[in-house]
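For reference, Swiss-Prot has these:
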- N584: N-linked glycosylation site (CARBOHYD)
- S76: phosphoserine (MOD_RES)
- S176: phosphoserine (MOD_RES)
- T180: phosphothreonine (MOD_RES)
- T183: phosphothreonine (MOD_RES)
- S391: phosphoserine (MOD_RES)
- 1-21: region 'Disordered' (REGION)
- 1-412: topological domain 'Cytoplasmic' (TOPO_DOM)
- 434-656: topological domain 'Lumenal' (TOPO_DOM)
- 678-692: topological domain 'Cytoplasmic' (TOPO_DOM)
- 737-747: topological domain 'Cytoplasmic' (TOPO_DOM)
- 769-773: topological domain 'Lumenal' (TOPO_DOM)
- 795-804: topological domain 'Cytoplasmic' (TOPO_DOM)
- 826-856: topological domain 'Lumenal' (TOPO_DOM)
- 413-433: transmembrane segment (TRANSMEM)
- 657-677: transmembrane segment (TRANSMEM)
- 693-713: transmembrane segment (TRANSMEM)
- 716-736: transmembrane segment (TRANSMEM)
- 748-768: transmembrane segment (TRANSMEM)
- 774-794: transmembrane segment (TRANSMEM)
- 805-825: transmembrane segment (TRANSMEM)
Amino acid sequence: MGEARRDSSSSLQHKKPPWLKLDIPAVVPPAAEEPSFLQPLRRQAFLRSVSMPAEPARVPSPHQEPRRPVLQRQMSITQTIRRGTADWFGVSKDSDSTQKWQRKSIRHCSQRYGKLKPQVIRELDLPSQDNVSLTSTETPPPLYVGPCQLGMQKIVDPLARGRAFRLADDAADGPSAPHTPVTPGAASLCSFSSSRSGFNRLPRRRKRESVAKMSFRAAAALVKGRSVRDGTLRRAQRRSFTPASFLEEDTADFPDELDTSFFAREGVLHEELSTYPDEVFESPSEAALKDWERAPEQVDLTGGALDRSELERSHLMLPLERGWRKQKEGGAAAPQPKVRLRQEVVSTAGQRRGQRIAMPVRKLFAREKRPYGLGMVGRLTNRTYRKRIDSYVKRQIEDMDDHRPFFTYWLTFVHSLVTILAVCIYGVAPVGFSQHETVDSVLRNRGVYENVKYVQQENFWIGPSSEALIHLGAKFSPCMRQDPQVHSFIHAAREREKHSACCVRNDRSGCVQTSEEECSSTLAVWVKWPLHPSAPDLAGQKRRYGSVCHQDPRVCDEPSSEDPHEWPDDITKWPICTKSSAGNHTNHPHMDCVITGRPCCIGTKGRCEITSREYCDFMRGYFHEEATLCSQVHCMDDVCGLLPFLNPEVPDQFYRLWLSLFLHAGVLHCLVSVCFQMTVLRDLEKLAGWHRIAIIYLLSGVTGNLASAIFLPYRAEVGPAGSQFGILACLFVELFQSWQILARPWRAFFKLLAVVLFLFTFGLLPWIDNFAHISGFISGLFLSFAFLPYISFGKFDLYRKRCQIIVFQLVFLGLLAGLVVLFYFYPVRCEWCEFLTCIPFTDKFCEKYELDAQLH
């Protein structure tokens, strides 16, 4: 076969005419595949502009089969936990949540801590410092267009920086409208990476109004005499165009269209704003072009590169997109005017009627965000960013999204509800700053009326008394541990009761358990065992302690005194007799009399008296009808309330450390807390989220209450004082972390310090605990450094953050452990500590916190 083919070809060569010449072209290798980022540019829609004709449609290339996706190993549980923990602490390397947090932190900083540095305002495109742009932070690689595309040459635009460098009047007058292009605009790849572009994110709708805001608007409408529906309709009619949050959906629907750059002369901006058509932007007028052509110094700029140094010298670092100047086909290039260029990035999807005001609408209806370091306090103190901020920092700022302040709303609801219930159930104590005294004539245990006085500390917060607050769950050391002084006080009272006996009056008017000194030898008989003949036997011997009014081991059936469960000789260890076998006549004087006094727990220190019910009610005590001795009742259990102790002799209500955070001393106290929560706490929670703020709030409050319980053990303390100062510490930490981007950080620091010192001075009044303030502030500092992610200024700062999390967590745990050891194992008695929390301007201004200062 091969020989036959060679013979046929040689025969054809001989038959070829001499004038015939065959030129067979060589095989051209296939062209290299275009870069992936240039694939969309093959479509005609991206190469269109107003003054450039459309390219003829090309034959589509055959469809290629998609590649199979690369299989990836699923993360293990350990890796998932590790990555989630890193994201939560804000130290992840490739975490989108970290970037969102950091961008949001900058917004909060701009609102709370004053002005930013001027270069930051210019680079972030923040005329009002409430909208952070990242377009200027991303400079995509140069755009290369092959010579086969309409005669275009390679374009390298080194000044394509985005929107950040804008004219000064733009920052003053707000966002400028798109200008008419002098030269045809080109497709922009920067719009794909721009944070303002809709191609890079899913459409986001505006969140609904909060319930509190709608309720407040409804209440305002009712006060003004209008209906809520009318007000809603009037507000709805004011909007004649679609909000920006819904316009973003149009952008997301056309991912194959790029942004177009438009350039305009500065002088004709305001004249042509009203003449823009709805669908397209036209070129400048012919008269304007003729004026530019008359200038002799103008040169042909077609195809020339933009002079970056000249723009920088004239402070016109413009947000240039990838573009070029195209030379006219088939002739000499027409001279193009050398003008000042301005640019507004306009999405092609916005080329519809009504879209020319999309940017002002977007800023008008966008939900207000909290810049990092510039929150509510920053607006009050006029804080601003510094002029220059690194692009990495700006990227972190813009990625931050606000959180819903669920914890603030829940906490405010609980505080309000508990305060209302406490005031309704326990009433209101006398209002004032001193002590209130009540004197009345009351029948006591001796059978005669006596003038008695009841002393009560006034409450200027308009709320319950200190005894009622302790019963509700206030911070009170004797209810949380076995206080040494309270325990010794109760033990001494029981020793006195051990040597007491029943005092029976001679006129048979009654009997009461008293000591020998309190029983009259002429009007009564003190039935003391074993001197009295009614003494019973115990193990063959007379009992030495007793007698007890209306209680005798010989006549009690439940519990009975039988061997081997005989009642001991010590009467303070006798149980309560619930059933007696004998009637009214036992031939024992201490059993046949009418008892006129029973145990009554008075005050907050565990003091017990055997007295009448009338006196006990007057002293606001707890009367025990079933008992006959004070040793048979546990007054601290009555005073503390809540859950009973596991061991009646050992108080164990440690949960008061966090339970008291939800109580308030009165209505005014609750209003102050609500105002703080709806301003400072709500603002911080929108930045950090409910979980971080809840941890800092609760742990700071617990630490503050623990320190207060150590240094002021006998004072009933309620309210989130430590928690509030812990939240204030978050503001200091936020200020320290945003120190590099603030224009005047020292000014913001001294303003915050003045606020804290004022609140600390306010804590010198009664019912306000400065020990909780100090400890809560210190613990809040440690917790904020550990749990609040912040802006990182480089890789070293990221590693430092990880070490900082571990160190401050260990420091806080050490502080908490030290306070626990001091509270439970090494109690501290500090006599001068009360002057740090309340200055006694008068003798009755501050409540006396000593153990036996108030025996009522």
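Glycine is treated like the rest: Cβ placed from N, Cα and C.
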Tell me the Cβ neighbour count for S76 (phosphoserine), meaning other Cβ atoms within 10 Å of its Cβ, over all protein chains shown.
9
For the transmembrane segment (657-677) and the transmembrane segment (716-736), does the number of C-beta pairs under 8 Å, pairs 6 or more apart in sequence, reach 3 or more?
yes
Who are the chain neighbours of the transmembrane segment (716-736) in space, where the CB to CB distance is under 8 Å and they lie at least 6 residues beyond its ends?
105, 108-109, 112-113, 372-373, 377, 466-467, 469-470, 472, 474-476, 604, 660-665, 669, 673, 676, 680-681, 684, 688, 693, 696-705, 707-708, 742, 745, 748-749, 752, 755-756, 759, 763, 768-769, 772-781, 783-785, 788, 790
The topological domain 'Cytoplasmic' (678-692) - residue tally per DSSP class, helix then strand then coil:
14 helix, 0 strand, 1 coil
How many of the residues that make up the topological domain 'Cytoplasmic' (737-747) does DSSP mark as helix, as strand and as coil?
7 helix, 1 strand, 3 coil
Could you tell me the mean pLDDT over the topological domain 'Lumenal' (826-856), as a whole number?
70
Which residue counts does DSSP yield for the topological domain 'Cytoplasmic' (795-804) in the helix, strand and coil classes, in that order?
10 helix, 0 strand, 0 coil
Positions whose Cβ lies under 8 angstroms from the topological domain 'Lumenal' (769-773), at least six residues beyond its ends:
701, 704-705, 707-708, 710-712, 715, 717, 721-722, 725, 759-760, 763, 833, 836-837
